[in-house]
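Participant: Please see the structure below; I have some questions.
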Amino acid sequence: MPVFSVLSVGSLVTVTFLLYFVTDIPSGAGQYLLDEGLETTAFGVLTSIYGWVNMILPLFAGYMLDHFGRSRSYALFCACIAVGSVIFLLGVATLKEPFNYSPTTAFLIMAVGRTIFSVGGDSAIVSNDTILTAVLPSSIVATSITLSILVGRIASVVSMNAVPIMIDQVGLAWSMYAIMIMLVPFVVALVSASVFSFIATERRKKKNRAQQAAMLQDGLLESTIQSRRESVEKLTRPTEADLEIATPVEAVSPANPSPLTERSAIDVVVGKSEVPSVVMSDEDDSAVESVSTSGSESDSDKPDEADNDATAQPTAIPTGQEIAQAITRLHNEAELPADAEPMPESAPFSKPDPLPLWRRTWDAVSIPVVGLLLAVMCLPSMGFIAFGWTSVGQVILVARSGLSADVAARYVSVASLMALVSPLWAVLIDKFRKQLAMMTVASILSIAAFGLLLIEGFPPLVAMLLQGLAFSAVSPCCWSSIPLCIPHNKVGIVFGLMSCALNLGLGVTAIIAPAALEVSWKWSIAWFLGCAVFTLVVVILFMVYDFKWNEGRLWSNKRSNAAPVPVDQMQVYPEAEGVET
């Protein structure tokens, strides 16, 4: 792997760790804020700001990444994180000396900081994933994205355990000041990630362009050259109308050849004009060009140099405009009848009219169908079930089994800890693909897990192990599918759409599951069971789409599954079009 790619990935992972660490500070300091007089409702608002702000914002962040620039957008989002973190930490510190602000005043400061932080939070995560897909080859994209997510989860665990320890050791205010110092390496890592990723991306673009040039030189595009040669011959071949205008048909014979049959348009160009011409070499079947400005010698005085000079230097094929000008010159120089009108000069080619504003806007914000299907698959599997169960599973297990809060929390954490094996699934995805097969298995595991929880008296540990396996497979399957199926100029907006779907599912579950718990714990678990069944249905429909319209890109990594990309549609990142590198 190139050095700048390694440095870029290291910087991005560092930013991810610090980002998740700061994100979960309110959770780690929650009880201490309540002890300082902050109301429970106010604390709930602080913890919910992030989710509600990022229910739609990552979609716009993805648009900015695709059209405003990745490095610039990334720097902007991380600047919001840094500024928002400083304001929030100062708000917490104002509860103590020397400020001694009231809990209400401190809450307002913390809310402002948390809002600014939330504007950049998930947007920076989307940027991280988008940049990773740009600097790394498709053969390791699933592993890299999954490791980035894993680093974020580890940072969350560290934050929720380290922040309380820091507060117990040095106090609430001084611990906040100490965390502010962590923003210095955050800024350094941000600048490094932006610079290194820009250099790595530009180098990769240059390498891909060189590979495309090599493909052209190796003759892999002979069909395109042959098609262009046939087009040139067709344009330079005189029509019946030309023959009738130049010389009566009955007068055309080997002894009295027509000017247009004796000399093609290209021959005249070689002998009498400065327009480049195409010559077909006997030794090489490719189209080459010979440019001559040799004055006005006729064919009878001087033989055609292009036909006899086997060492003619090949250059680019003439454009359609140049050929049209050659034909026009030949037509007008021929001996035409007195009443014949000269052929008009070819009008110069002009740029096509710009697309209407509505069309340009639609092209910018439109999302491919496969991106919409990925978001629909992410909504129940990750939003409703994976993260939704993590947020409300504790209270449901307490109501179901009569467990204490801490024991129920440990059972729920089993599913989260099982997610640590997700890099294993990512390696398998990079080697074999099979995302949809893994999603099918994950859906069945979730159905089994919540089906077992509906049985009264059944040990919850087995169900949590099954759900943990499902959780560990869902994340790499969803996120790694984006760079393999989405055009490179839409990767950012689809990553943003996936984040929106995840946050939407989390918010909906946080409302529906507790409301169903008021009726019965069985209704709450039935909600998760229904979401698992819905996920399975979506995966089956997605599988049909993948085989019929997506060339099986989420089922196999064999090159034969992907149709060749036409030359005029080659992208800088061919793996983003589904073609393996």
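Each residue, glycine too, has its Cβ placed from N, Cα and C.
Automated prediction, rather than curation, is the source of TrEMBL annotations.
Got these off TrEMBL a minute ago, pasting:
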{"type": "COMPBIAS", "residues": "288-297", "note": "compositional bias 'Low complexity'"}
{"type": "DOMAIN", "residues": "1-204", "note": "domain 'Major facilitator superfamily (MFS) profile'"}
{"type": "REGION", "residues": "277-319", "note": "region 'Disordered'"}
{"type": "TRANSMEM", "residues": "5-22", "note": "transmembrane segment"}
{"type": "TRANSMEM", "residues": "42-62", "note": "transmembrane segment"}
{"type": "TRANSMEM", "residues": "74-95", "note": "transmembrane segment"}
{"type": "TRANSMEM", "residues": "101-119", "note": "transmembrane segment"}
{"type": "TRANSMEM", "residues": "131-154", "note": "transmembrane segment"}
{"type": "TRANSMEM", "residues": "174-199", "note": "transmembrane segment"}
{"type": "TRANSMEM", "residues": "365-389", "note": "transmembrane segment"}
{"type": "TRANSMEM", "residues": "409-429", "note": "transmembrane segment"}
{"type": "TRANSMEM", "residues": "436-455", "note": "transmembrane segment"}
{"type": "TRANSMEM", "residues": "461-479", "note": "transmembrane segment"}
{"type": "TRANSMEM", "residues": "491-513", "note": "transmembrane segment"}
{"type": "TRANSMEM", "residues": "525-545", "note": "transmembrane segment"}
Participant: Should anything in the same chain at least six residues away from the transmembrane segment (525-545) have a Cβ under 8 Å from its Cβ atoms, list it; otherwise answer none.
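Facilitator: 369-370, 373, 376-377, 380-381, 384-385, 388-389, 396, 400, 436, 439-440, 442-444, 446-447, 449-451, 453-454, 509, 512-513, 516, 554-555.
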Participant: Any contact between the transmembrane segment (491-513) and the transmembrane segment (174-199), i.e. 3 or more CB pairs below 8 Å with pairs at least 6 residues apart?
Facilitator: no
Participant: Residue list, the transmembrane segment (436-455) vs rest of chain: Cβ under 8 Å, 6 or more residues beyond ends.
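Facilitator: Sequence-distant neighbours of the transmembrane segment (436-455): 377, 381, 385, 400, 425, 428-429, 462-464, 466-467, 469-471, 473-474, 477-478, 522, 525-526, 528-529, 531-533, 535-536, 539-540, 542-543, 546, 554-555.
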Participant: Across the domain 'Major facilitator superfamily (MFS) profile' (1-204), what does the pLDDT come to on average, as a whole number?
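Facilitator: Across the residues of the domain 'Major facilitator superfamily (MFS) profile' (1-204) the model's pLDDT averages 84 on the 0 to 100 scale.
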